[in-house]
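Visitor: So TrEMBL says this about it:
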{"type": "REPEAT", "residues": "71-104", "note": "repeat 'WD'"}
{"type": "DOMAIN", "residues": "286-386", "note": "domain 'Lethal giant larvae homologue 2'"}
{"type": "REPEAT", "residues": "452-466", "note": "repeat 'WD'"}
{"type": "DOMAIN", "residues": "835-953", "note": "domain 'Lethal giant larvae (Lgl)-like C-terminal'"}
{"type": "COMPBIAS", "residues": "981-992", "note": "compositional bias 'Polar residues'"}
{"type": "REGION", "residues": "981-1002", "note": "region 'Disordered'"}
Amino acid sequence: MMKFRFRRQGTDPQREKIKQELFAFNKTVEHGFPHQPSSLAFDPKLQIMAIGTKSGAIKVYGAPGVEITGLHKDTTAVTQIHFLPGQGRLLSLLDDNTIHLWELVAGMPREVGGVRKEGVVALQEVGNYSLPGRPGIESCSATRVTVLLLLRSCDVVSIGTEGGGVYFLQLPRLSLKEDQTLFQDQITQSLPDDYRCGKSLGPVESLQEHPQESGKILIGYSRGLVVLWNLHTRHTEQIFLGKQQLESLVWERSGNLFVSSHNDGGYSVWPVTTGNTYSQQPASTTIPYGPFPCKAISKILWRTTHTGSPLMLYSGGMPRASYGDRHCLTIQQDKDHVTLDFTSRVIDFFTVHSTEQEKVFDDPTALVVLLEEELVVIDLQTPGWPSLPSPYLAPLHSSAITCSCHISHVPPKLWERLINAGKVQQGCQRGNKIWPICGGKNLAPPPKHQELLLTGHEDGTVRFWDASGVALTPLYKLSTANVFHTDCDPSDDPHDPDLQQEDEWPPFRKVGCFDPYSDDPRLGIQKISLCKYSNKLVVAGTSGQVIVLGLNDEQSDHLVDVSVVDLLQDREGFTWKGHDRLEPRLKPAPFPPGFQPLVLVQCLPPASVTAVALHAEWNLISFGTSHGFGLFDYHRRNAVLARCTLHPNDSLAMEGPLSRVKSLKKSLRQSFRRIRKSRVSGKKRTITTPTSKVQMANAALAEQEEVAPVQRRIEPRSADDSLTGVVRCLCFADTFLRDGTHHGPTLWAGTNSGSVYAYALEVPGVGLGRVCDRVGASETSLCVEAVLGKEIQLMHRAPVVSISVLDGRGKPLPEPYEASQDLAIAPDMTNAHSVLIASEEQLKVFSLPKVSAKTKFKLTAHEGCRVRKVALVIFSSTAQEDYSEHTLVCLTNMGDMHLYNIPGLRPQVRYDCIRKEDISGIASCVFTRNGEGFYLISPSEYERFSLSAKVITEPLFSIQLDRPLDLTPASDPMMQLQANGTHKNQMSQAEGQTEELPSSLSSPLLDTPLDSPLSCADLTLDTTGELTVEDVRDFLTTVDEAENNLKNIKEEEGRSPGILIN
């Protein structure tokens, strides 16, 4: 009988069919600003923009909802991008000196969730070219490409090189026109002897085609020489003998003059005349920020207007000594002069203007500036040139992200009030101005429900984002700094342009919202909780501050109530060595419309808040730190409970983040000691020496009885580990705790040492059906009381990640107000409840109120990984409208997703989502209630993914091209996208084989969605709120342990792709 003991259950075809209708993994879209942008381009006909990055990605944007992504084979920086106007084609130049041609292609329509989805568009590479070396010259630097110019005919691209040669490439075949090649020697021969002087002309810095006469191009060399070259006659029409090092060239629209910018911070205007071969001097030379030495003007634009005065735009040119470290772009027109001052480096910029040949003037309407950390758009039609709010590409990391929270099914009233509060903040910036990058037509259906993504930041702000569709749009920003005394008084608001002095030179104006510096790191937001029905918000920070806020449509000046909660409870032997608490304001302060603070709860010691829970129906909040947890009644301004969770050896919990390095070293040292200890104890596990083969067999059988063959042995964690008192999770629930007949409010808390505390709460007006026979009940019912009901200690002392209470049907309890206001199905209170406790090592369901184990799944023992994030999600079927399942989703330290049914905890499916090396991505992951999720792939980008076969947020759009939109075959259904742009074949998943990235890559619209190849392994992200010592321990796992885990995982995966057998 023993041979059948561990036989797996067979698969149920009907259940497998249901799984396919419920679950499907897709990476759908990347929200935020591209990480490390390196190039910019604009198609004036299609009104779409492209951004290239240092990792080899090309992202194309149009109207909100129109987004496409393409990836080069190699993660090499994209140095230049050029559109073929109107054709949906673009050229990219990489840092490895290769030129690539891309096309927009139409994907096959497909059905998702029973709905036929049109508008699938992909960005596909159709060819590439590498310039060959010049014969007789060994160095390849001579043919290194410095600049590309696409001629107006769109059939030839001219290529400038470091060696001074200009080559011409036929499009779209990407074949070199060798008879058109122009070497520097040909130009040098026609120069005057006094200019030649035996010096090289240097690399080609700029190529510009004549705006009126096709076939004539300006060639600008680094030394300062500019040549007007005729492609048809193959001779020079005019030579401009510049003597200052050249940076860029631009034509005036009529072609009668051009402007050159130089490295001395000046620009020159050169007239173009016929009959004069040589031009010795420009018509005018200006150093706008002289006379002292200035930095180079790297790029200049000259745009004509119907008012007569040209509009000049140029980057750089600042005085070296005074403002050499500024990142500036200047706008000049007649007497109007503004120097836009940015907080990050200018990558490139362009203007949106008239390009039709029959138009006389450029008449620019907008200026688009790509910076290293954000995109800024300036309205050139409005006096004062204000900036336009961006509907997408907003810098998520304007201050470093420290935590995030997702709210689904936002009530319309709350949504409207948030939008109005945001409009008040934007002031005059938000108007009826049309977003200039408006190409394409969004075909995605409007969202059925509004969704919010809340991000907490290092500077104490909480930003509200519209996450209902493809474009992540900023709605409203909440600042908590004005609750406290900080170095920067909020009354000194620097954003008002009227405050700048009239005589200031240069006339700087701060533009953009990227501000990586925080006035006080203690302001950082660590936890957020929002009740969408009562409009109550709780934010908790780095220095133990917990703020309860309410939504108000009017500005208010009031004093914030302050309450102090001591979590140590006078425990002896502990002295806080960390930072001081933030000092609250003692006078009334002005608070703008939106969320306004009602009460401030200050934890002592002022350690970072690690968990928070809000129950607005009971007017209660709970909060936890590394020292303990507390319960507060914000309606009565009364501290109900303070419980210390410190272990006598928890000295590290008293040091604060200032001693983080020391703490990390000590923790790692203890971790390695425990690993060595477990190995030694494993080798010495033999108790007695058997004297016969029978005794040896019995000993082996006993070992087999103890641990199943597919399980790993888990060593219990020592109670002496540091930081065991950290509160990891908090939960409110109306359930059975005292007995099986009376239910009432409860509070649950889980710690880093595997302890779970359950308190029965007496809340006035709640649970009146319970018999209260205590003396003086009417008197005590005026305040909330908490009584310890249960205390659970998990066997291996693994940290508790999540606690959830399930009703009599095994469903999660509804949120506050949902049941009382008939917004959700009332929970089953007739049958016994249960509590689901997820630790880092296992999932376990206990019955209530006896707290006896019902079922469990040992994730670490079975899979060799640890739980990092847990969520209860509703998955709807694509085949049946009224069928859905509640499922437990687990993200592990290996970056994979495990789905289990509840309350049975039977494995359903498993997906690879995030690279296991991406600690920050795993720590930043947040799930939605309907099966989607977000995680950071860089400091400025969220990757959005879906685990649901029905709920998928993806770009669907159409673009009208001047050429037919070719169809591309549907992507291979056997190809599944792994983390960070690596395609992985499901059939070879058990063997761990990784296929090479194909040259043709689809957008996130297709069955094979795109993921960015950005690697966070070389990034230090201070953008995650829950990066723990355990994360680092996992990352530093020894090689032999990692190999053993991989071997066991492979054995488990040797079955149907991506699905675990029940």
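Using N, Cα and C of the backbone, Cβ positions are placed for all residues, glycine too.
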Visitor: Kindly state the mean pLDDT of the domain 'Lethal giant larvae (Lgl)-like C-terminal' (835-953) in the predicted structure.
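Guide: Averaged over the domain 'Lethal giant larvae (Lgl)-like C-terminal' (835-953), per-residue pLDDT gives 95.
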Visitor: Counting by DSSP secondary structure, give me helix, strand and coil numbers for the repeat 'WD' (452-466).
Guide: 0 helix, 12 strand, 3 coil
Visitor: Just to be sure I understand, if DSSP states are collapsed into helix, strand and coil, how many residues of the repeat 'WD' (71-104) fall in each?
Guide: 0 helix, 21 strand, 13 coil
Visitor: Could you give the number of helix, strand and coil residues in the domain 'Lethal giant larvae (Lgl)-like C-terminal' (835-953) as assigned by DSSP?
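Guide: So the domain 'Lethal giant larvae (Lgl)-like C-terminal' (835-953) is made up of 10 helix, 64 strand, 45 coil.
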Visitor: Of the residues in the domain 'Lethal giant larvae homologue 2' (286-386), how many are helix, strand and coil by DSSP?
Guide: 4 helix, 48 strand, 49 coil
